[in-house]
Amino acid sequence: MSMAGNIPLRPHQDLRPRVALILIGAALVLILGRNLLPPGLMRAPDWLVLPFADWINVIFAFLRDDLGLIHVTRAFAAMLEWLLDVTANLLYGKNRWPRLGPLPWSAVAVSMAALGWWLGGWRLAALSGGTFVWIAVMGQWQWAMETLSVIAIAAPFSVLLGLVMGIMAWRWTWAAKLMNPVLNVAQSLPHFAYMIPVVVFIGVGPKAGAIVTIIFSVPPMIRMTELGLRKVPEEVVESGKMGGATAWQLLRKVRIPTARTEILIGVNQVIMQCLAMVVLASFIGMPGLGQKLLQLLQALKIGLSVEIGITIVLIAVVLDRLSKAWAMRQPVHHDETLPWARRHPVLVVWALALVAAFALAQIFPLLHQVPRAQALSVAGPLDVLVDGFIRLVDPVTTWLRWFLITWVLIPLRDGMLWLPFTAVLTGIAAAGWSVGGWRSAAVVVAFFGLIALSGWWDRAMITVYMVGFSVFIAALIGLPLGIWAARSETRAGRMLLLCDSLQTFPSFIYLIPVVMLFGVNDVAVVAAVVTFAAVPLIRYTIEGLRGVPAELVEAAHMSGTTRRQMLWHVRLPMALPVMMVGLNQSVMFSLFMVIIAAFIGTQDLGQELQRALSATDVGKGLVLGLAVAFMGLAVDHLIRRWSESRSAALGL
Amino acid sequence: MTRSDPVISCRNVWKIFGPRPMDALAQLRADPQARPDRHVTAVHDVTLDIMPGEMLVVMGLSGSGKSTLVRCLSRLNEITAGEILIEGRDIGKMSESELIDLRRRKMGMVFQSFGLLPNRNALENVAFPLEMRGQSRASRIARAREMLALVGLKGRESYFPRELSGGQQQRVGIARSLAVEPDIWFLDEPFSALDPLIRREMQDEFLRLKAILKKTIIFITHDFDEALRLADRIAIMKDGRVEQCDTPDRIVLEPATEYVARFTAEIDRARVIHASGLAEPLTGRSAEGPALPGGQTLREMARHLVADRRDWIPVADAQGRTTGVLERARALDILLGEHV
């Protein structure tokens, strides 16, 4: 097998490095000649800055008032609110129809345990039931149920919407062509950018939270549905056709059931996205765990925030495990001669336990509701513990904070702001050109050029420096950790499990420990972003290294490589394309995190986005959101291009 | 229609994959050796007739177009040119609903990788085509049980595909294809995904079913031995063309092309050739004494051929009528090898 055969040979390929070098040279000239540059080349001149925000505002005003779209959205929101009231009544006793609730917490916990048992055995039952016991005992029932009652409505809506749109994208090429770029942008828009239009159309509160959650969580469902339908084996479809199925029967009885696993993984992603968004929706007045956490963090009540944080993490892990277990569940046959009860033991036990829970709740009110006054709390001792710990590490963190701010962060930021925007654009063009020729250069320059034209260049550069620096530090930590973990099977397994769990946590959670350690400043933001961004790097490093074909490793062993040679000459080069996927995710995660972290104090796009949110300025909010998305998409384009051509060259 | 009309009739069928198949077709019609860019000719001007109750095996290596041909016959693939008649009706001109109706009543198909629905158990998989045509639940379940019993899977009705072995999964596939009592039975490399011992067992099972059911069968395989073992007639395909379509005896005795000859070269011909295949007409020759049964292979009557001293031995058909004579020397040559 010749490697050269796999590389698409293009006549201009040899020119690429040369053009890239010329562009780098041009960028250097612009930087060195900075003092001689006309101001128009330093920053986009005023006449070039286009009032995108005003245009968007005009469009939204037109949609909202002239087209009367607001009546449609309000009607939809009213319908949604009715549904939300039903779950709110059942879960935490909001005084609305059907006025049955609240269900005793013990009944809910028993049901969740039964669900866990049915889907994944007794371990999952213990985790799932235990989580709800913890919530009740810690007196967080009301908040947690406020959060879950929204997820219970938003997730099914989102799944249904995603399913229909995914089927459309699979069925019609034009729909896929239309949706693909929209989904790309949608999946790189920061959370807050979704909130502002919703506030304009719906207002604030639970229903706005539910709607923003639905919109935010739809894209992965569309993607997974389309992927699943495309992956259905041709022979299964043909066997359906030969069975005389009509097009509709094929879709409903052959394609969708066969794509079950992918579709359910889509459901899993929807649920996790819902949780992440619901927690953040506290910024637009969504009550629940997120709002509580936000208040406590702002008041620097660490012990109580940690309690809430634990609850959110537990809920995230439970929802993730349950929905994944559902996706991976394989049908098992039952001996038909056994009686019904023996074939459905979970159902029987659940029914009995449910009756018992209701009965006991009548006798012991504590099993029905745990009032705040009687709830347990570990906040007191936790605060003492944390205080002690902080006093212990304070000299270190204070020094670190001082060092980072004075010697790294501020110089870096000033450096980024000092650069002429033309030099940055030329440098980006060089990167694009070396990776994918003039097309890639044009794509990335267009993305960054639009940011320059939006007039938010300085803020964007602050975001770039924070993301760049954080990803750099994350790589310094994540890559060696990944390489170390990949050395043994069990260690790799454990590390991957840890990374999996960390990735299910809503991003908001990462702020608790960093605020605790560093207070409210840039260093805390960087620390949060670094932690969040290191996870995908570790994960993909392990997966890349473990994915190197065993035959290749054996061949290298037989050639007498040392461990170091093996790593540098065999494993790392083969794993690099996969590791770059991790880097790509890492950059995306950092962008999201930097924006979220804005409320603990940054001066970048995130801070402006927060301001736009409080002023409900749709135009400004969307422009800022798109600026963030464009940065993400440009990086995504560069890394993906590089990784693809590298994989092709390696024949992977 | 009479008994001797073909069930399936292909007339100059072409199937070309690519962005502009019609242009490629024009090019190929002008010059049969042409290789149009970005196009693959999977079926190249194929004309075939398949008689009622006949079993035709389509044999070819991977990429020879055999699977595409069978998918054209069931219109899973639309053909580029030519026509395919099923019982005299052009399936290319059928509407969607007529085609669905035809598949629901007349056709059954078995797939190489089984094509079972993972979310349905064996019984529900077999009942699937019956469900599609709207049969009541009770009657389709009863029929599906019957079919599973026929293929030897009684007691496994509630098992899901992933709980069954490859051979068992294919038995489910076979039961499903037979559930609608089709007249035409397509089998696309049904045993290729199975390991050799199971394959042998499934071939025996297949011969048993074939004897009971008496259907028109189109069987695809890449295994020449399998083709020889099962076929009434074999069509050997290469690059989309049918190189030769004939009985196993004649393919072994008189390969039409060099390509076919290469296949037959390594074959133990005595196991394939039947007495009737080697027999010559009675004209002018007198042969006396006991006749050989025409349906036996030379290998099966080897002992007799060696012991019998007659130069010309009569051959009789199943009813005991003498149909021809066999030259003993030639039979011994085939049996023992010509150059000793």
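Heads up, the Cβ atoms here are built off N, Cα and C, so glycines get one too.
Listed in TrEMBL for this protein:
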TRANSMEM  A:20-37  transmembrane segment
TRANSMEM  A:125-143  transmembrane segment
DOMAIN    A:144-323  domain 'ABC transmembrane type-1'
TRANSMEM  A:150-172  transmembrane segment
TRANSMEM  A:192-216  transmembrane segment
TRANSMEM  A:263-284  transmembrane segment
TRANSMEM  A:347-368  transmembrane segment
TRANSMEM  A:388-410  transmembrane segment
TRANSMEM  A:417-435  transmembrane segment
TRANSMEM  A:441-457  transmembrane segment
DOMAIN    A:460-639  domain 'ABC transmembrane type-1'
TRANSMEM  A:464-487  transmembrane segment
TRANSMEM  A:574-601  transmembrane segment
TRANSMEM  A:621-639  transmembrane segment
Result, the transmembrane segment (A:20-37) in contact with the transmembrane segment (A:417-435) (3+ CB pairs under 8 Å): yes
For the transmembrane segment (A:150-172): best-contacting stretch of A:20-37, A:125-143, A:263-284, A:441-457, by Cβ pairs under 8 Å: A:263-284
Same-chain residues near the transmembrane segment (A:388-410), Cβ under 8 Å, at least 6 residues beyond its ends: 469, 516-519, 521-523, 526
Spatial neighbours of the transmembrane segment (A:192-216) far in sequence, C-beta under 8 Å, 6+ residues away: 60, 64, 69-70, 73-74, 76-77, 80-81, 84, 88, 146, 150-151, 153-154, 157-158, 161, 273-274, 277-278, 280-281, 283-287, 595-596, 606, 609-610, 612-613, 616-618, 621-622, 624-626, 628-629
